Amino acid sequence: MAITTRQLIQYKQQGRPIVALTAWDYTIAQLLDVAGVDLILVGDSMSVILGYNTTLPLTLEETLHHAKAVRRGVRHALMVVDLPFLTYQESIQQAMHSAGLVLKEAGGQAVKLEGGYAAMVETIARLVQAGIPVMGHVGLTPQSVHQIGLRQQGKTETDRQRILQEAIALEQAGVFSIVLEHIPSDLALEITDKLSIPTIGIGAGPHCDGQVLVTSDVLGLSEKQPPFAKAYANLRETITKAVQDYSFEVRQQKFPQK
Ligand code: KIV
């Protein structure tokens, strides 16, 4: 049975941790889905596989292309798609159009938008009213990299209060869940306790209702990864070794055999 946004809220009520990972293509999406991941995020972190330095250049067309491939691999998990930078910030109409394409063309079940400032809360409320499930994202919001960098957020009392208020406002606007990225774990705990929707942490400590990581970090495939990520495999090493072994055998005329 496919997982729904309502089910994730029930998981919070039951104290059952939510497992989320990113997927950018069919193969990984299918592997994650079969392994039993609850939520698969077509994150704008896919920028790395397109060779972009930040998430800013990513387009809606590129996102839709990858999301369609992910859709074909996912049967069970809830599929959430990041709206790329400047495909939802300009106006409510723009956000509605972009989110609509994600649901109608790519088969995403929800969209994720960064930020909890007043205008974004209004946009999100309108999307939710139109029947589009939305996931919020506060704390470190990588689309604002040129404003806030990639450092931990919520270190000062003012910043803590701002992030807390943003999370509350997003819940009131109707999001079904919120990503808390790179904030102190005691702030994540406070937000998690205050909200009745699940918080999904990344670099936000152990007290969130679920955790998300970028799959290439988990697999040890990333060129560089954030300090809070954990690699459970070393695919860079495995792939390099496999390619070297293959090259050796071709050059030694050991592969293919007669
Ligand atoms: O784009 C992404 O992968 C994300 C996660 C890091 C939450 O937004």
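Start at 1 and count along the chain as shown; that gives each residue its number.
Any Cβ shown, glycine's included, is placed from N, Cα and C.
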Residue from D25, D33, D82, D159 that TrEMBL also lists as binding 3-methyl-2-oxobutanoate with D44, S45, K112: D82
Message: With the cut-off set at 10 Å between Cβ atoms, which of these binding-site residues ends up with the most neighbours? Options: D44, E114.
response: D44
Task: Give the sequence-ordered set of same-chain residues, not counting D44, S45, D82, K112, with Cβ within 8 Å of the centre of the Cβ atoms defining the 3-methyl-2-oxobutanoate site.
output: T22, L41, V42, G43, M46, T55, V81, L83, P84
Query: How big is the Cα-to-Cα gap, in Å, between K112 (3-methyl-2-oxobutanoate binding site) and E181 (active site, proton acceptor)?
result: 13
Task: Please name the residue among the recorded positions D82, E181 whose C-beta has the most neighbouring C-beta atoms within 10 angstroms.
output: D82
